[in-house]
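Report on the following structure.
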Amino acid sequence: MSQPPPPPPLPPPPPPPEAPQTSSSLAAAASPGGLSKRRDRRILSGSCPDPKCQARLFFPASGSVSIECTECGQRHEQQQLLGVEEVTDPDVVLHNLLRNALLGVTGAPKKNTELVKVMGLSNYHCKLLSPILARYGMDKQTGRAKLLRDMNQGELFDCALLGDRAFLIEPEHVNTVGYGKDRSGSLLYLHDTLEDIKRANKSQECLIPVHVDGDGHCLVHAVSRALVGRELFWHALRENLKQHFQQHLARYQALFHDFIDAAEWEDIINECDPLFVPPEGVPLGLRNIHIFGLANVLHRPIILLDSLSGMRSSGDYSATFLPGLIPAEKCTGRDGHLNKPICIAWSSSGRNHYIPLVGIKGAALPKLPMNLLPKAWGVPQDLIKKYIKLEEDGGCVIGGDRSLQDKYLLRLVAAMEEVFMDKHGIHPSLVADVHQYFYRRTGVIGVQPEEVTAAAKKAVMDNRLHKCLLYGALSELHVPSEWLAPGGKLYNLAKSTHGQLRPDKNYSFPLNNLVCSYDPVKDVLLPDYGLSNLTACNWCHGSSVRRVRGDGSIVYLDGDRTNSRSTGGKCGCGFKHFWEGKEYDNLPEAFPITLEWGGRVVRETVYWFQYESDPSLNSNVYDVAMKLVTKHFPGEFGSEILVQKVVHTILHQTAKKNPDDYTPVNIDGAHAQRVGDVQGQELESQLPTKIILTGQKTKTLHKEELNMSKTERTIQQNITEQASVMQKRKTEKLKQEQKGQPRTVSPSTIRDGPSSAPATPTKAPYSPTTSKEKKIRITTNDGRQSMVTLKPSTTFFELQESIAREFNIPPYLQCIRYGFPPKELMPPQAGMEKEPVPLQHGDRITIEILKGRAEGGPSTAAHSAHTVKQEEIAVTGKLSSKELQEQADKEMYSLCLLATLMGEDVWSYAKGLPHMFQQGGVFYNIMKKTMGMADGKHCTFPHLPGKTFVYNASEDRLELCVDAAGHFPIGPDVEDLVKEAVSQVRAEATTRSRESSPSHGLLKLGSGGVVKKKSEQLHNVTAFQGKGHSLGTASSHPHIDPRARETLAVRKHNTGTDFSNSSIKTEPPVFTAASSNSELIRIAPGVVTMRDGRQIDPDVVEAQRKKLQEMVSSIQASMDKHLRDQSAEQAPSDLSQRKVEVVSSVRPVNLQTGLPEPFSLTGGTENLNTETTDSHVADVLGAAFATRSKAQKENSMEEPEEMDSQDAETTNTTEPMDHS
């Protein structure tokens, strides 16, 4: 058989109802050759035309003419997209593309044909509902599903009701993969046949083969799609066919006795069953006799086509199947005319897959020419004229125009979904997603829908299903059962770490996101998925994953972006945000408030909504105040006065001097960009021709530079040389624009802008002409407070002078912050010195006293404090806080990307770049923007979990804070410093009284974690009360005893004792003798043990104990001397405070973590090498007074996978190993 020629090019699709080319630029994009070289590289965006999807799509203007939707999987022509426009801010889009390209992350896996959604329905979704449609119908009055027998329509749906229906595909869906044109090779195989049909229809393409899934039910899928366009009735068709054969078996046997043996009919009937599975090796399936039976079930003819060569052959590869067992008068529709035939075809020469041929909506009904009308199968040929209305030329019309409306079909599906939920307790769309992500992705095919439904239901009940908020992909928290049994990975890890496992403890495995309990009867670990949490998406590795309920809804956290579109949000992301069970257009603004009543002081944070499109969602000041007072002072007599005070406080906080001033609460991931979901912003449209990642203050050799041409090298050199000059020109231009910008709005014309909350009265916006004085509360970072009255015309420099008079702080040492979150009040730009400060009556400002600046005259000092970076201020003065936040987010995104490319976590990569923690670095800038810089202020970063940092004003940098030892400069060897200090501090702890530890007996150190006894509580542990802050939403917060911090702060500056490695050289003879033994190793200053873990000589132990006592005495003596010297330098006003510090500092240092009982000196250092990223053991113990030598770093052992243990009653699933 000769291979047919390739198909001719397809005609262009018809224009959409609303042409997106609304501007000359977009019109040029559609015309070839009408674009310049630069504009050919533009990026366009548009929305998916599917009304149930409408995802935002991005594509190059010169790219493919068809775009695949990243949300529903459909492929659309560019002309069919809605709202096509040029993207003027491609940065985020390119950033996402770069991430995907370099990491090989394509987001959610490509949707296969079963999961492509059209009008919100996928093929697999329809398959799941089909068994329900065989027994249920929809009540027209209520729209709810009812059993057919309750509607007096029998037990089984009668498919003859679909005898006059035909599906016509929408033109925009013709090329949708999995729904439109079949792509299994049928277009090539049927090319000649389709060309003949096309010529018979005035050269118009009006009958096309469409896709059906090849899952063993392709015949009934093809018939169902030809009838209603969906695979909804495959189950009913099979049951109808089986029932039809059983009821008319005698007639069939008589009609086909010459062709089909009587013994075959049992197999033929069994093959109709929906659950039929053919015996292994037996090629059974639906065939011609079943097509003939379906024609009689539907009361309409079915035409089977093949390639021209197949139709001309002697085989039964094509035929016309007539409903010959049904009287012709019963094969008519409501209009009295004969039901028009439907058409199916073979998809390949293998003839093992059926596909339907359907017409196109809006085009003429397809006609099949006489020469392609096959002979009748199984019945006399003259019956064709009896059951098919032939045209004058001998052809016939295919299908007809009576289609089920999409609106009715969606109502029918929604009614069946309710029944599915009632029967199985899970939504069919969720089952379809489980099949996509957990079966198809692993190559598992042929799994019955019942099995997938049961597996999905169990995963939901076990809290193992999570959905990514960015990609919408499902992830499963699953651990192989063999890992939890004896000999398994996790079982052995728990056994080796904690010894005998106990049923009253929970065992945490942070690297596997798993918490387990122990079953002593079965001797296995049992996963507790209620306490376990999946922390990253299995597809994109993002952290925005949330649990999924059985109905498919997501268990959102406050601040999460939902899938609901928002039209009036100020945040600009285009979606609503979840907060306390409701969906809002915006994230709330947050501000602190203090309640005082009856000697009790309570501090709370108020979350305020004020810009909602639905006014009922706006916060009501009286409701908020009443809830606060009722929450903390329930039933208090006379609390109405407190309510009124709270109302006034909230009104002061929410009164807007500028209606556009919107500073929402910072939620990590709340505005994370989804795939194809980025909104364009106003930036330069010049697109980069190369994408290059650069680090701060470092030169990076890029991949593109390896094969650069000479011209490219010259251009790059010119750009490098001219960059500073161009930047300076740009800065000067911005200065001139700012200086020459006229004020076009008269103060008298400013209207009062009331709040959008009807029940919440607000103040009028700030107006410089108001005659009222403004009272401002000022607080310094050393604890002083005052109320200052300002005139309406008070300028920045007058405010500085008022602060200097009130607190005796020179202007050059003042850093003024206002608003929430606090932001620095910058000095006025050139020419605007007389402008009043943007403060309102009732505002609060904070004064940060700068340190380490050279004192000078007031004028020069003020210049050094605020105007050193005037060029930078001129450039960045116009940037909003949102833009600054986006810039920091992009820097962090690039850092995370580079860390992933290097195969390291963020901390391991960042510690090798100390400049990131110094002035100008990304972490330094985040802390400065969010909370301000003050010496000794602590903070944490969500990208560096388990790490606490402190600002060192003298060095102007961030340093790593380790709970028990002090602060360390960031560098590649900082972990070595910490681990060395862990050994030293542990050795010191052996000399202290075990009873002096406040948490004695509650914690035990293990090689991989901490075990908490289930029956005991940590009542006597004091939480951290210092200046610690969390930037964003970190996963955990260290808790530090202030007494230990005061003590260790003194120890850090102590110079009386040398803790370096050199001190071991001057040990007494007993240690010299001990060290001469090749088996003795040093685990801390003055502490040695046996390498093989055996006990050493008791005399040596006693000598070690005495030596440690001498060291502690020396330390305490040095502390006393240091404190006496320090106290002598302090002012008399601070004397009482210093006495308290001396008492707390010279008190023996108590570690918050108890030691194993009994504590053995033979523990070895290898078991202490745990990662501080996942375990807080090093954070509890660690300090670094000496630098690990190079040899130690080279000989350090590989750290074992670690695990933790926690109380079974602990509910903190985010950080199972919390410590105090």
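Cβ atoms are placed via backbone N, Cα and C, with glycine included.
Taken from Swiss-Prot, the feature compositional bias 'Pro residues' applies to 1-19.
Annotation source Swiss-Prot lists region 'Disordered' at 1-40 (among others).
According to Swiss-Prot, the compositional bias 'Low complexity' annotation covers 20-35 (among others).
Taken from Swiss-Prot, the feature domain 'OTU' applies to 207-360.
Marked as active site by Swiss-Prot: D215 (among others). Taking all protein chains in view, 17 other C-beta atoms sit within 10 angstroms of the C-beta of D215 (active site). Mapped onto three states, the DSSP output places D215 (active site) in coil.
If you look up Swiss-Prot, you'll see C218 marked as active site, nucleophile.
H353 (active site) has a Cβ environment of 19 other Cβ atoms inside 10 Å. According to its DSSP assignment, H353 (active site) is coil. Marked as active site by Swiss-Prot on the basis of similarity to another entry: H353 (among others).
In this chain, none of the residues that are 6 or more apart from K407 (N6-acetyllysine) has a CB less than 8 Å from its CB. Secondary structure from DSSP puts K407 (N6-acetyllysine) in a helix. Per Swiss-Prot, the feature N6-acetyllysine maps to K407; the stated evidence is similarity to another entry.
According to Swiss-Prot, the feature region 'Disordered' maps to 724-778 (among others).
Residues or ranges marked as phosphoserine in Swiss-Prot: S746 (among others).
Marked as compositional bias 'Low complexity' by Swiss-Prot: 754-770 (among others).
Under the heading phosphoserine, Swiss-Prot lists S756 (among others), citing similarity to another entry as support.
The phosphothreonine feature in Swiss-Prot is assigned to T762.
Per Swiss-Prot, the feature phosphoserine maps to S767 (among others); the stated evidence is similarity to another entry.
Annotated region 'Disordered' per Swiss-Prot: 988-1008 (among others), in sequence order.
Swiss-Prot lists S993 (among others) with the feature phosphoserine, giving similarity to another entry as the kind of evidence.
When other Cβ atoms within 10 Å of the Cβ of C218 (active site, nucleophile) are tallied across all protein chains shown, the result is 22. With respect to their backbone Cα atoms, D215 (active site) and H353 (active site) stand 10 Å from each other.
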